Structure formats: C-alpha cells, structure tokens
C-alpha cells in the first residue's frame, strides 16, 4: 500500500508555473499554457514523472536550458532522476516535437533545450561565449530560403549569434578584469 501511495504522490507533482498570461505575453514567451500530461499522452508516450516535470519546467522557462540546469530544477523540486533518464526524457520530447535542441559551441558545447511552440514560431538565440548563457532573441526570426542540392531536405535551421552578454562585456572592459602580467 505504501508503494502505491508513494507512486500516486509522485504523479501529482506540479512545478510552480507562472499565472495565466495575456495574449501579448504569450506571444513573447515560450510558455504555452497547455497541460504537460495531456501533451505527452496525446503523442502516445508514457506519462512519467520526469517527462512531465521536464516539459513543465521548459514551459515555464524564459530561456533555453542545459541538461545541468534542468537537473538542478528537478533536484530542487525533489524529483529523483539520473542523468540517463533526463537525457532520454529530453530526447523523447525532441523526437515528439515538444522541445528542440540548440547546439552549443566554442568552449560550451552543451546542448540547450527549449519548448517547441505549437504555432511553429522560431527565433534566433544569443550565446555568450564567455559565460555560456543563451538567451532568446524573440524579435529576430531566422528566415531560411536555401537552395539545397537535389535530394537534400532541410529539417531545421538555427541562427545563433555569438558575443558577450552585458555582465561579461562589463567584466572585460573593467580594469580589474584585465589579465595580470
């Protein structure tokens, strides 16, 4: 009986999600006020605690999240998981077009994940090459008109702009941050 109660408790988990948004706010965020359980079940997937929690975290996030950031959120919510389970949950969400991967580059090669919006909205990202932060550039949609060779098919295109975020740019310009000789 205790096992069934524990199992039922695990399935009741709901992370804190932002309150209902106006239409304007919804257009400018990744959040889609849609039940994670229903989305997973509609795609024929097993409705696991990890999948539900990861999808809800991505729905509530305003920026793409790394595996480590997602793991920290799960741990903070007291959701037991391991690295492989989290990778599998993320892979499944990507395969089901509920989330998408954003490639890292430079010294930070970690994938980031974000909610793939049902309306097909795409946008560019800014990657700070110093601290690894990735932010969404909502006003900049990658327009791809590529003439591919015969037989090739475009699956996805990403526009990632690289540079320094305000914090890292200030650090670099600061005399205290200059390298010592």
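Glycine is no exception: its Cβ is also placed from the backbone N, Cα and C atoms.
All TrEMBL annotations are machine predictions without curation.
Features as listed in TrEMBL:
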BINDING   128, 131, 165, 168  Zn(2+) binding site
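With all protein chains in the displayed structure included, the most crowded Cβ environment within 10 Å among the binding-site residues 128, 131 is that of 128. For the recorded Zn(2+) site, residues 128, 131, 165, 168 set the reference point as the centre of their Cβ atoms, and the other residues of that chain within 8 Å of it by Cβ are 129, 130, 132, 133, 164, 166, 167, 169.
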